[in-house]
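Now, the feature entries from TrEMBL:
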- 7-149: domain 'Response regulatory' (DOMAIN)
- Asp75: 4-aspartylphosphate (MOD_RES)
Amino acid sequence: MSERPLQLMLVDEDPTFRLGLRVWLEQLPGFQIAAEAANASEAMGIIRKYARTQANAFTDPTLRGQRPINLVIVDLGLGASDASTEPVSSSGLQLCKSIKTEFSNLPVLVLSARDEPVLEAAARQVGADGYGTRSMPVRELAQLIRTVGRGASKTIESSSKSSLQIPGPLTAMRLSMRLSGLEQIDQQLAKTSAELRRPRLSWLERQVLTGKMRELKAARWLTKQLWATHKYTDAGWVKKNVRLQRRTSAPMASRPRPNSVGAAAAITVPGPSSLSLRSGDVQNMVFEAVFAKLQTGLENTTSEPLEIDILRLDKKRELLFIVLRRFEDLLDDLRQSSLQPGQLRFKFPQLLRDLWVATIEEFFGRYYMVPLNGVEQELVAVLYQEKDSVEQEILNHIPLVPELLSHWLFQDAMVIDGTSYIATTPEALAHSEKLLENLLIQIGNAVMQPLLNRLADVEAIKKGLYSRRIISTRDIERFRNDLSWRYRWNRLVDEPTAIFESQYRLYTLGPRGIISSSIYAPRRQELDQLSGLPWAMTLLLETRDALSPRVRALVSLVGSSVVYVLTEVVGRGIGLVGRGILQGIGSAWQDTRRPRQRQAPPTFNEWE
(Lines of atoms letter the chains of each structure in order from A and count residues from 1; the text may use other names and numbers.)
(Lines give C-alpha, C1' and ligand atoms only; values in the text may rest on other atoms or scores of the structure.)
Protein backbone atom coordinates (compact mmCIF):
# COMPACT_ATOMS: atom_id res chain seq x y z
CA MET A 1 0.00 0.00 0.00
CA SER A 2 1.47 3.34 -1.08
CA GLU A 3 1.89 6.21 1.35
CA ARG A 4 -0.53 9.09 1.30
CA PRO A 5 0.75 12.17 -0.50
CA LEU A 6 2.24 14.90 1.64
CA GLN A 7 -0.04 17.89 2.12
CA LEU A 8 2.15 20.91 1.42
CA MET A 9 1.63 24.62 2.00
CA LEU A 10 3.60 27.15 -0.05
CA VAL A 11 4.38 30.58 1.40
CA ASP A 12 6.07 32.91 -1.09
CA GLU A 13 5.29 36.47 -2.13
CA ASP A 14 6.41 35.79 -5.74
CA PRO A 15 3.34 34.38 -7.57
CA THR A 16 5.43 33.24 -10.53
CA PHE A 17 7.77 31.12 -8.41
CA ARG A 18 4.84 29.82 -6.38
CA LEU A 19 2.98 28.77 -9.51
CA GLY A 20 6.04 27.05 -10.99
CA LEU A 21 6.76 25.19 -7.76
CA ARG A 22 3.12 24.12 -7.48
CA VAL A 23 2.97 22.79 -11.05
CA TRP A 24 6.25 20.91 -10.64
CA LEU A 25 5.34 19.36 -7.28
CA GLU A 26 1.91 18.21 -8.42
CA GLN A 27 3.52 16.31 -11.29
CA LEU A 28 5.56 14.24 -8.82
CA PRO A 29 4.04 11.32 -6.92
CA GLY A 30 3.66 11.81 -3.19
CA PHE A 31 3.00 15.58 -3.15
CA GLN A 32 -0.21 17.56 -3.00
CA ILE A 33 -0.56 21.33 -2.54
CA ALA A 34 -3.07 21.96 0.23
CA ALA A 35 -2.78 25.75 0.52
CA GLU A 36 -0.84 28.80 -0.63
CA ALA A 37 -0.11 32.16 0.98
CA ALA A 38 1.65 35.33 -0.11
CA ASN A 39 2.49 36.78 3.31
CA ALA A 40 2.99 35.77 6.93
CA SER A 41 -0.39 36.87 8.30
CA GLU A 42 -2.27 35.01 5.58
CA ALA A 43 -0.18 31.89 6.20
CA MET A 44 -0.83 31.91 9.96
CA GLY A 45 -4.55 32.34 9.32
CA ILE A 46 -4.64 29.31 7.03
CA ILE A 47 -2.64 27.16 9.46
CA ARG A 48 -4.91 28.10 12.37
CA LYS A 49 -7.96 27.32 10.24
CA TYR A 50 -6.62 23.85 9.44
CA ALA A 51 -5.81 23.30 13.11
CA ARG A 52 -9.37 24.21 14.15
CA THR A 53 -10.77 21.92 11.48
CA GLN A 54 -8.73 18.99 12.74
CA ALA A 55 -9.77 19.72 16.31
CA ASN A 56 -13.47 19.77 15.35
CA ALA A 57 -13.19 16.65 13.21
CA PHE A 58 -13.65 14.45 16.27
CA THR A 59 -17.18 15.73 16.79
CA ASP A 60 -18.18 16.67 13.22
CA PRO A 61 -18.00 13.74 10.77
CA THR A 62 -18.22 16.07 7.76
CA LEU A 63 -14.78 17.49 8.55
CA ARG A 64 -12.96 14.17 8.72
CA GLY A 65 -12.22 14.10 5.02
CA GLN A 66 -9.89 17.12 5.15
CA ARG A 67 -6.31 16.09 5.77
CA PRO A 68 -3.92 18.20 7.89
CA ILE A 69 -0.94 20.10 6.51
CA ASN A 70 2.22 17.98 6.70
CA LEU A 71 4.84 20.57 5.71
CA VAL A 72 5.08 24.34 5.29
CA ILE A 73 7.59 25.59 2.70
CA VAL A 74 8.57 29.18 3.55
CA ASP A 75 10.61 31.60 1.47
CA LEU A 76 13.45 33.03 3.57
CA GLY A 77 13.18 36.36 1.73
CA LEU A 78 9.49 36.75 2.51
CA GLY A 79 8.87 40.42 3.11
CA ALA A 80 12.47 41.30 2.17
CA SER A 81 11.90 42.47 -1.39
CA ASP A 82 13.50 45.75 -0.45
CA ALA A 83 17.24 45.53 -1.10
CA SER A 84 18.01 47.30 2.16
CA THR A 85 16.37 44.60 4.24
CA GLU A 86 18.63 42.03 5.82
CA PRO A 87 17.63 38.40 5.06
CA VAL A 88 18.24 37.34 8.64
CA SER A 89 15.63 39.84 9.86
CA SER A 90 12.97 39.12 7.20
CA SER A 91 9.41 38.14 7.96
CA GLY A 92 10.15 34.67 6.55
CA LEU A 93 12.17 33.87 9.65
CA GLN A 94 9.58 35.54 11.84
CA LEU A 95 6.89 33.36 10.26
CA CYS A 96 8.97 30.23 10.85
CA LYS A 97 9.45 31.28 14.47
CA SER A 98 5.71 31.89 14.93
CA ILE A 99 4.81 28.52 13.42
CA LYS A 100 7.26 26.60 15.61
CA THR A 101 6.09 28.49 18.69
CA GLU A 102 2.37 27.91 18.13
CA PHE A 103 2.53 24.58 16.27
CA SER A 104 5.75 22.93 17.39
CA ASN A 105 4.98 19.59 15.67
CA LEU A 106 4.41 21.13 12.23
CA PRO A 107 7.58 20.77 10.08
CA VAL A 108 8.87 23.89 8.33
CA LEU A 109 11.22 23.92 5.34
CA VAL A 110 13.02 27.19 4.57
CA LEU A 111 14.09 27.96 1.00
CA SER A 112 16.61 30.72 0.34
CA ALA A 113 17.89 32.40 -2.80
CA ARG A 114 21.48 32.23 -1.50
CA ASP A 115 23.47 29.33 -0.11
CA GLU A 116 25.18 31.03 2.84
CA PRO A 117 25.96 29.43 6.21
CA VAL A 118 24.81 32.51 8.11
CA LEU A 119 21.34 32.20 6.57
CA GLU A 120 21.24 28.52 7.46
CA ALA A 121 22.24 29.47 11.01
CA ALA A 122 19.43 32.02 11.18
CA ALA A 123 16.92 29.40 10.02
CA ARG A 124 18.25 26.98 12.61
CA GLN A 125 17.92 29.52 15.39
CA VAL A 126 14.20 30.05 14.78
CA GLY A 127 13.51 26.30 14.77
CA ALA A 128 13.38 25.36 11.07
CA ASP A 129 13.33 21.62 10.34
CA GLY A 130 15.09 21.92 6.99
CA TYR A 131 17.01 24.36 4.82
CA GLY A 132 17.56 24.47 1.06
CA THR A 133 18.06 26.83 -1.86
CA ARG A 134 15.81 27.75 -4.75
CA SER A 135 18.53 26.86 -7.23
CA MET A 136 19.22 23.34 -5.93
CA PRO A 137 18.61 20.39 -8.30
CA VAL A 138 14.98 19.32 -8.49
CA ARG A 139 15.74 15.76 -7.40
CA GLU A 140 17.53 16.97 -4.28
CA LEU A 141 14.72 19.42 -3.52
CA ALA A 142 12.12 16.65 -3.85
CA GLN A 143 14.16 14.40 -1.57
CA LEU A 144 14.56 17.24 0.94
CA ILE A 145 10.80 17.86 0.98
CA ARG A 146 10.10 14.15 1.50
CA THR A 147 12.68 13.88 4.28
CA VAL A 148 11.47 16.92 6.22
CA GLY A 149 7.80 16.19 5.58
CA ARG A 150 8.11 12.64 6.92
CA GLY A 151 9.52 13.96 10.19
CA ALA A 152 13.34 13.85 9.80
CA SER A 153 15.37 17.05 9.70
CA LYS A 154 17.98 17.35 7.01
CA THR A 155 20.06 19.96 5.24
CA ILE A 156 21.06 19.26 1.66
CA GLU A 157 24.52 20.42 0.70
CA SER A 158 24.79 22.45 -2.45
CA SER A 159 27.08 19.98 -4.19
CA SER A 160 27.03 16.47 -2.80
CA LYS A 161 29.38 15.08 -5.43
CA SER A 162 32.13 17.57 -4.84
CA SER A 163 31.92 17.07 -1.07
CA LEU A 164 32.81 13.40 -1.50
CA GLN A 165 35.92 14.09 -3.54
CA ILE A 166 39.32 13.87 -1.87
CA PRO A 167 41.23 17.14 -2.28
CA GLY A 168 44.69 17.23 -3.81
CA PRO A 169 47.82 18.24 -1.87
CA LEU A 170 47.68 21.93 -2.81
CA THR A 171 43.95 22.09 -2.23
CA ALA A 172 44.36 20.36 1.12
CA MET A 173 47.02 22.88 2.13
CA ARG A 174 44.82 25.83 1.13
CA LEU A 175 41.89 24.24 2.93
CA SER A 176 43.91 23.74 6.12
CA MET A 177 45.26 27.31 6.05
CA ARG A 178 41.78 28.72 5.51
CA LEU A 179 40.21 26.68 8.29
CA SER A 180 42.89 27.44 10.87
CA GLY A 181 42.91 31.14 9.98
CA LEU A 182 39.13 31.46 10.12
CA GLU A 183 39.02 29.59 13.41
CA GLN A 184 41.50 31.96 15.05
CA ILE A 185 39.76 35.03 13.63
CA ASP A 186 36.36 33.79 14.80
CA GLN A 187 37.71 33.30 18.31
CA GLN A 188 39.02 36.86 18.37
CA LEU A 189 35.72 38.14 16.95
CA ALA A 190 33.83 36.39 19.74
CA LYS A 191 36.14 37.82 22.41
CA THR A 192 35.93 41.33 20.97
CA SER A 193 32.16 41.11 20.69
CA ALA A 194 31.97 40.07 24.35
CA GLU A 195 34.17 43.04 25.28
CA LEU A 196 31.85 45.39 23.38
CA ARG A 197 28.88 44.15 25.40
CA ARG A 198 30.68 45.02 28.62
CA PRO A 199 28.89 47.76 30.58
CA ARG A 200 30.40 51.17 31.35
CA LEU A 201 32.82 51.27 28.43
CA SER A 202 34.46 54.61 27.81
CA TRP A 203 34.08 56.29 24.44
CA LEU A 204 37.74 55.64 23.57
CA GLU A 205 37.54 51.94 24.51
CA ARG A 206 34.40 51.49 22.43
CA GLN A 207 36.01 53.13 19.41
CA VAL A 208 39.11 50.94 19.73
CA LEU A 209 37.06 47.74 20.01
CA THR A 210 34.85 48.77 17.09
CA GLY A 211 37.93 49.36 14.97
CA LYS A 212 39.29 45.97 16.00
CA MET A 213 36.03 44.34 14.91
CA ARG A 214 36.30 45.99 11.49
CA GLU A 215 39.90 44.84 11.10
CA LEU A 216 39.03 41.27 12.08
CA LYS A 217 36.13 41.15 9.63
CA ALA A 218 38.37 42.49 6.89
CA ALA A 219 41.03 39.90 7.77
CA ARG A 220 38.41 37.17 7.66
CA TRP A 221 37.24 38.22 4.20
CA LEU A 222 40.83 38.44 2.97
CA THR A 223 41.63 34.97 4.35
CA LYS A 224 38.64 33.48 2.56
CA GLN A 225 39.70 35.12 -0.69
CA LEU A 226 43.38 34.16 -0.49
CA TRP A 227 42.81 30.53 0.52
CA ALA A 228 39.55 29.95 -1.33
CA THR A 229 38.65 26.37 -2.31
CA HIS A 230 35.48 26.64 -4.34
CA LYS A 231 34.68 22.92 -4.26
CA TYR A 232 35.00 22.76 -0.47
CA THR A 233 33.18 25.88 0.71
CA ASP A 234 31.39 24.07 3.55
CA ALA A 235 34.40 22.26 4.96
CA GLY A 236 35.06 24.87 7.60
CA TRP A 237 31.51 24.62 8.90
CA VAL A 238 31.75 20.83 9.03
CA LYS A 239 34.89 21.06 11.14
CA LYS A 240 33.29 23.48 13.58
CA ASN A 241 30.22 21.30 13.89
CA VAL A 242 32.30 18.21 14.65
CA ARG A 243 34.26 20.14 17.29
CA LEU A 244 31.01 21.38 18.86
CA GLN A 245 29.61 17.83 19.01
CA ARG A 246 32.78 16.56 20.66
CA ARG A 247 32.65 19.32 23.26
CA THR A 248 29.01 18.78 24.15
CA SER A 249 29.40 15.01 24.37
CA ALA A 250 32.44 15.16 26.67
CA PRO A 251 31.91 14.89 30.44
CA MET A 252 32.30 18.01 32.54
CA ALA A 253 35.39 16.79 34.36
CA SER A 254 37.35 16.09 31.17
CA ARG A 255 36.46 19.25 29.27
CA PRO A 256 39.28 21.56 28.24
CA ARG A 257 39.35 25.21 29.09
CA PRO A 258 37.20 26.79 26.38
CA ASN A 259 36.96 30.41 25.37
CA SER A 260 34.54 32.71 27.15
CA VAL A 261 31.81 32.72 24.50
CA GLY A 262 28.12 32.77 25.37
CA ALA A 263 25.70 30.03 24.42
CA ALA A 264 23.85 32.36 22.09
CA ALA A 265 27.07 32.85 20.14
CA ALA A 266 27.78 29.14 20.14
CA ILE A 267 24.54 28.29 18.39
CA THR A 268 25.35 30.60 15.52
CA VAL A 269 28.05 28.15 14.43
CA PRO A 270 25.91 25.63 12.54
CA GLY A 271 26.85 22.43 10.83
CA PRO A 272 25.39 20.76 7.79
CA SER A 273 23.77 18.15 9.98
CA SER A 274 20.40 18.32 11.63
CA LEU A 275 18.76 21.68 12.22
CA SER A 276 17.08 20.51 15.40
CA LEU A 277 18.65 20.26 18.84
CA ARG A 278 17.76 17.84 21.59
CA SER A 279 17.11 19.12 25.08
CA GLY A 280 20.46 17.76 26.24
CA ASP A 281 22.24 19.64 23.45
CA VAL A 282 20.66 22.95 24.46
CA GLN A 283 21.56 22.36 28.10
CA ASN A 284 25.12 21.37 27.20
CA MET A 285 25.62 24.55 25.17
CA VAL A 286 24.53 26.71 28.09
CA PHE A 287 26.63 24.74 30.58
CA GLU A 288 29.66 25.00 28.28
CA ALA A 289 29.25 28.77 28.05
CA VAL A 290 28.98 29.15 31.83
CA PHE A 291 31.88 26.74 32.33
CA ALA A 292 33.98 28.99 30.08
CA LYS A 293 33.04 32.11 32.02
CA LEU A 294 34.06 30.49 35.29
CA GLN A 295 37.61 30.27 33.92
CA THR A 296 37.82 34.07 33.76
CA GLY A 297 37.66 36.70 36.49
CA LEU A 298 35.21 36.17 39.36
CA GLU A 299 35.73 39.45 41.20
CA ASN A 300 32.61 41.12 42.55
CA THR A 301 32.24 44.31 40.49
CA THR A 302 28.87 45.24 41.99
CA SER A 303 28.41 47.68 44.87
CA GLU A 304 26.95 44.97 47.12
CA PRO A 305 28.92 42.46 49.22
CA LEU A 306 28.40 38.76 48.55
CA GLU A 307 29.14 35.85 50.87
CA ILE A 308 31.53 34.27 48.38
CA ASP A 309 33.68 37.44 48.37
CA ILE A 310 35.45 36.17 51.49
CA LEU A 311 36.86 33.18 49.60
CA ARG A 312 40.15 33.08 47.77
CA LEU A 313 39.81 33.17 44.00
CA ASP A 314 40.70 29.50 43.56
CA LYS A 315 38.26 28.43 46.28
CA LYS A 316 35.53 30.62 44.83
CA ARG A 317 36.02 29.04 41.40
CA GLU A 318 36.07 25.56 42.95
CA LEU A 319 32.81 26.23 44.79
CA LEU A 320 31.02 27.43 41.65
CA PHE A 321 32.37 24.46 39.68
CA ILE A 322 30.94 22.11 42.30
CA VAL A 323 27.54 23.82 42.14
CA LEU A 324 27.55 23.56 38.34
CA ARG A 325 28.45 19.87 38.38
CA ARG A 326 25.94 19.03 41.11
CA PHE A 327 23.21 20.90 39.25
CA GLU A 328 24.04 18.94 36.11
CA ASP A 329 23.72 15.70 38.10
CA LEU A 330 20.40 16.91 39.49
CA LEU A 331 19.06 17.48 35.97
CA ASP A 332 20.16 13.99 34.93
CA ASP A 333 18.34 12.49 37.92
CA LEU A 334 15.19 14.43 37.07
CA ARG A 335 15.27 13.14 33.48
CA GLN A 336 15.34 9.57 34.76
CA SER A 337 12.46 10.17 37.16
CA SER A 338 8.75 10.30 36.35
CA LEU A 339 8.42 13.95 37.35
CA GLN A 340 5.70 15.79 35.45
CA PRO A 341 5.99 19.43 34.29
CA GLY A 342 3.25 20.58 36.64
CA GLN A 343 5.08 19.19 39.67
CA LEU A 344 8.18 21.35 39.28
CA ARG A 345 6.57 24.40 40.86
CA PHE A 346 5.92 22.44 44.05
CA LYS A 347 9.14 20.42 44.06
CA PHE A 348 11.74 23.09 43.27
CA PRO A 349 12.26 24.20 46.94
CA GLN A 350 13.20 20.62 47.81
CA LEU A 351 15.42 20.42 44.72
CA LEU A 352 17.29 23.59 45.70
CA ARG A 353 17.67 22.28 49.24
CA ASP A 354 19.11 19.01 47.93
CA LEU A 355 21.50 20.95 45.69
CA TRP A 356 22.61 23.07 48.66
CA VAL A 357 23.21 19.99 50.83
CA ALA A 358 25.15 18.16 48.10
CA THR A 359 27.34 21.21 47.49
CA ILE A 360 28.13 21.64 51.20
CA GLU A 361 29.11 18.00 51.58
CA GLU A 362 31.44 18.06 48.58
CA PHE A 363 32.98 21.48 49.20
CA PHE A 364 33.70 21.11 52.93
CA GLY A 365 33.81 17.32 53.21
CA ARG A 366 31.07 15.26 54.79
CA TYR A 367 33.12 14.23 57.83
CA TYR A 368 35.31 17.32 58.30
CA MET A 369 35.67 18.14 62.01
CA VAL A 370 36.08 21.63 63.50
CA PRO A 371 36.58 22.74 67.13
CA LEU A 372 33.49 24.48 68.49
CA ASN A 373 33.31 25.49 72.17
CA GLY A 374 36.18 23.16 72.93
CA VAL A 375 34.49 20.15 71.31
CA GLU A 376 35.22 18.60 67.90
CA GLN A 377 32.06 18.64 65.78
CA GLU A 378 31.22 17.78 62.19
CA LEU A 379 31.24 20.95 60.10
CA VAL A 380 28.39 19.80 57.85
CA ALA A 381 26.14 19.03 60.83
CA VAL A 382 26.76 22.49 62.25
CA LEU A 383 25.93 24.14 58.94
CA TYR A 384 22.70 22.15 58.60
CA GLN A 385 21.37 23.96 61.66
CA GLU A 386 21.11 27.13 59.56
CA LYS A 387 18.88 25.44 56.97
CA ASP A 388 15.74 27.46 57.72
CA SER A 389 17.62 30.76 57.68
CA VAL A 390 19.31 29.91 54.37
CA GLU A 391 16.00 28.97 52.76
CA GLN A 392 14.30 32.13 53.98
CA GLU A 393 17.09 34.53 53.05
CA ILE A 394 18.49 33.05 49.81
CA LEU A 395 17.03 29.84 48.38
CA ASN A 396 13.41 30.98 48.30
CA HIS A 397 14.40 34.18 46.50
CA ILE A 398 16.20 32.58 43.53
CA PRO A 399 13.97 33.58 40.60
CA LEU A 400 12.42 31.50 37.81
CA VAL A 401 13.85 28.14 38.86
CA PRO A 402 10.74 26.13 37.79
CA GLU A 403 10.76 27.84 34.39
CA LEU A 404 14.45 27.06 33.92
CA LEU A 405 14.02 23.39 34.85
CA SER A 406 10.94 23.02 32.65
CA HIS A 407 12.80 24.68 29.78
CA TRP A 408 15.64 22.15 29.90
CA LEU A 409 13.71 19.04 30.90
CA PHE A 410 10.59 19.41 28.76
CA GLN A 411 11.69 21.92 26.09
CA ASP A 412 9.10 24.48 27.23
CA ALA A 413 9.34 27.87 25.60
CA MET A 414 11.13 30.61 27.53
CA VAL A 415 9.09 33.77 28.09
CA ILE A 416 11.32 36.85 27.80
CA ASP A 417 9.85 40.35 28.13
CA GLY A 418 6.39 38.96 27.45
CA THR A 419 7.46 37.10 24.28
CA SER A 420 7.75 33.31 24.01
CA TYR A 421 10.99 31.88 22.54
CA ILE A 422 11.62 28.23 21.71
CA ALA A 423 14.61 26.50 23.25
CA THR A 424 16.98 26.78 20.28
CA THR A 425 16.68 30.54 19.78
CA PRO A 426 19.59 32.79 20.85
CA GLU A 427 17.27 34.76 23.11
CA ALA A 428 16.26 31.64 25.05
CA LEU A 429 19.86 30.47 25.32
CA ALA A 430 21.11 33.83 26.60
CA HIS A 431 18.21 34.08 29.06
CA SER A 432 18.73 30.58 30.46
CA GLU A 433 22.46 31.32 30.71
CA LYS A 434 21.75 34.34 32.92
CA LEU A 435 19.40 32.34 35.12
CA LEU A 436 21.97 29.57 35.50
CA GLU A 437 24.74 32.02 36.44
CA ASN A 438 22.52 33.66 39.05
CA LEU A 439 21.61 30.21 40.41
CA LEU A 440 25.27 29.25 40.79
CA ILE A 441 26.19 32.48 42.58
CA GLN A 442 23.20 32.35 44.92
CA ILE A 443 23.82 28.69 45.84
CA GLY A 444 27.44 29.63 46.52
CA ASN A 445 26.23 32.42 48.82
CA ALA A 446 23.90 29.96 50.53
CA VAL A 447 26.83 27.60 51.16
CA MET A 448 28.92 30.34 52.78
CA GLN A 449 26.20 32.07 54.81
CA PRO A 450 25.89 29.46 57.62
CA LEU A 451 29.67 29.29 57.85
CA LEU A 452 29.86 33.06 58.38
CA ASN A 453 27.05 32.94 60.93
CA ARG A 454 28.53 30.19 63.13
CA LEU A 455 32.19 29.54 62.28
CA ALA A 456 33.45 32.77 60.74
CA ASP A 457 36.52 33.18 62.99
CA VAL A 458 37.79 29.59 63.18
CA GLU A 459 41.50 29.69 62.41
CA ALA A 460 41.63 26.42 60.45
CA ILE A 461 38.85 27.59 58.15
CA LYS A 462 40.40 31.05 57.73
CA LYS A 463 43.73 29.61 56.61
CA GLY A 464 42.19 27.18 54.16
CA LEU A 465 39.46 29.31 52.56
CA TYR A 466 39.60 33.04 53.22
CA SER A 467 41.14 35.74 51.09
CA ARG A 468 44.06 37.65 52.60
CA ARG A 469 42.02 40.85 52.32
CA ILE A 470 39.51 39.52 54.87
CA ILE A 471 41.42 37.41 57.36
CA SER A 472 41.68 39.45 60.56
CA THR A 473 38.89 39.38 63.12
CA ARG A 474 38.11 43.05 62.54
CA ASP A 475 37.87 42.58 58.77
CA ILE A 476 35.63 39.55 59.18
CA GLU A 477 33.27 41.37 61.54
CA ARG A 478 33.14 44.37 59.20
CA PHE A 479 32.33 42.03 56.32
CA ARG A 480 29.56 40.32 58.30
CA ASN A 481 28.07 43.70 59.25
CA ASP A 482 28.09 44.75 55.60
CA LEU A 483 26.23 41.57 54.70
CA SER A 484 23.71 42.16 57.47
CA TRP A 485 23.03 45.70 56.27
CA ARG A 486 22.75 44.44 52.72
CA TYR A 487 20.03 41.97 53.68
CA ARG A 488 18.12 44.63 55.61
CA TRP A 489 18.34 47.12 52.76
CA ASN A 490 17.35 44.46 50.25
CA ARG A 491 14.34 43.39 52.32
CA LEU A 492 13.08 46.93 52.93
CA VAL A 493 14.09 48.81 49.76
CA ASP A 494 15.56 46.81 46.89
CA GLU A 495 13.13 43.88 46.87
CA PRO A 496 9.94 46.01 47.13
CA THR A 497 11.32 48.27 44.40
CA ALA A 498 12.03 45.28 42.15
CA ILE A 499 8.55 43.88 42.77
CA PHE A 500 6.94 47.24 42.04
CA GLU A 501 8.99 47.57 38.83
CA SER A 502 8.17 43.96 37.76
CA GLN A 503 11.81 42.93 37.73
CA TYR A 504 14.15 40.32 39.12
CA ARG A 505 17.68 41.33 40.04
CA LEU A 506 20.28 38.79 38.92
CA TYR A 507 23.97 38.26 39.57
CA THR A 508 25.64 37.19 36.33
CA LEU A 509 29.18 36.63 35.05
CA GLY A 510 30.65 39.40 32.94
CA PRO A 511 34.03 39.75 31.22
CA ARG A 512 35.60 41.25 34.37
CA GLY A 513 33.69 39.37 37.04
CA ILE A 514 30.31 39.28 38.75
CA ILE A 515 27.89 41.98 37.63
CA SER A 516 24.33 42.88 38.54
CA SER A 517 21.52 42.99 35.99
CA SER A 518 17.74 42.86 35.92
CA ILE A 519 15.10 41.09 33.83
CA TYR A 520 11.39 41.70 33.40
CA ALA A 521 8.88 39.33 35.00
CA PRO A 522 5.28 39.84 36.19
CA ARG A 523 5.15 40.03 40.01
CA ARG A 524 1.65 41.33 40.67
CA GLN A 525 0.82 38.56 43.13
CA GLU A 526 3.88 39.38 45.25
CA LEU A 527 2.98 43.08 45.13
CA ASP A 528 -0.48 42.38 46.53
CA GLN A 529 1.05 40.41 49.41
CA LEU A 530 3.38 43.19 50.60
CA SER A 531 2.71 44.78 53.97
CA GLY A 532 4.40 47.00 56.52
CA LEU A 533 7.53 48.89 55.53
CA PRO A 534 7.98 47.15 52.13
CA TRP A 535 4.43 48.18 51.20
CA ALA A 536 5.15 51.72 52.42
CA MET A 537 8.21 51.74 50.16
CA THR A 538 6.09 50.97 47.10
CA LEU A 539 3.63 53.67 48.16
CA LEU A 540 6.50 56.13 48.45
CA LEU A 541 7.69 55.20 44.97
CA GLU A 542 4.21 55.66 43.57
CA THR A 543 3.92 59.06 45.27
CA ARG A 544 7.26 60.11 43.85
CA ASP A 545 6.23 58.98 40.37
CA ALA A 546 3.01 60.96 40.67
CA LEU A 547 4.56 64.17 42.01
CA SER A 548 7.99 64.31 40.41
CA PRO A 549 6.84 65.20 36.85
CA ARG A 550 4.69 68.05 38.18
CA VAL A 551 7.40 69.27 40.53
CA ARG A 552 9.95 69.16 37.71
CA ALA A 553 7.56 71.07 35.45
CA LEU A 554 6.96 73.68 38.19
CA VAL A 555 10.69 74.06 38.87
CA SER A 556 11.32 74.38 35.15
CA LEU A 557 8.63 77.06 34.84
CA VAL A 558 9.97 79.02 37.83
CA GLY A 559 13.51 78.73 36.52
CA SER A 560 12.48 79.93 33.07
CA SER A 561 10.60 82.87 34.63
CA VAL A 562 13.59 83.85 36.76
CA VAL A 563 15.88 83.64 33.75
CA TYR A 564 13.46 85.78 31.72
CA VAL A 565 13.23 88.43 34.44
CA LEU A 566 16.99 88.52 34.95
CA THR A 567 17.84 88.70 31.26
CA GLU A 568 14.98 90.64 29.73
CA VAL A 569 14.03 93.07 32.54
CA VAL A 570 16.82 93.44 35.05
CA GLY A 571 19.51 92.76 32.50
CA ARG A 572 18.23 95.34 30.05
CA GLY A 573 17.80 97.91 32.84
CA ILE A 574 21.33 97.32 34.04
CA GLY A 575 22.47 97.52 30.46
CA LEU A 576 20.82 100.90 29.97
CA VAL A 577 22.29 102.23 33.21
CA GLY A 578 25.70 100.95 32.25
CA ARG A 579 25.33 102.43 28.81
CA GLY A 580 24.48 105.85 30.29
CA ILE A 581 27.45 105.64 32.64
CA LEU A 582 29.76 104.73 29.79
CA GLN A 583 28.43 107.57 27.67
CA GLY A 584 28.97 110.05 30.54
CA ILE A 585 32.49 108.76 31.08
CA GLY A 586 33.15 109.06 27.38
CA SER A 587 31.92 112.65 27.24
CA ALA A 588 34.03 113.63 30.24
CA TRP A 589 37.04 111.95 28.69
CA GLN A 590 36.57 113.84 25.47
CA ASP A 591 36.26 117.13 27.38
CA THR A 592 39.52 116.53 29.18
CA ARG A 593 41.35 115.81 25.96
CA ARG A 594 39.95 118.87 24.05
CA PRO A 595 42.45 121.85 24.35
CA ARG A 596 41.07 125.06 25.81
CA GLN A 597 40.87 128.03 23.45
CA ARG A 598 43.16 130.86 24.60
CA GLN A 599 41.78 134.38 24.40
CA ALA A 600 43.72 136.56 22.03
CA PRO A 601 45.18 139.64 23.68
CA PRO A 602 43.30 142.81 22.84
CA THR A 603 44.73 144.79 20.02
CA PHE A 604 45.10 148.55 20.30
CA ASN A 605 45.06 150.88 17.40
CA GLU A 606 47.14 153.88 18.14
CA TRP A 607 45.12 155.97 15.77
CA GLU A 608 41.93 155.36 17.64
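Every residue gets a Cβ built from N, Cα and C, even glycine.
When pLDDT values are averaged over the domain 'Response regulatory' (7-149), the model yields 79. DSSP assigns Asp75 (4-aspartylphosphate) to a strand in the three-state reduction.
Around Asp75 (4-aspartylphosphate), taking its Cβ as the centre, 25 other Cβ atoms fall within 10 Å, counting all chains.
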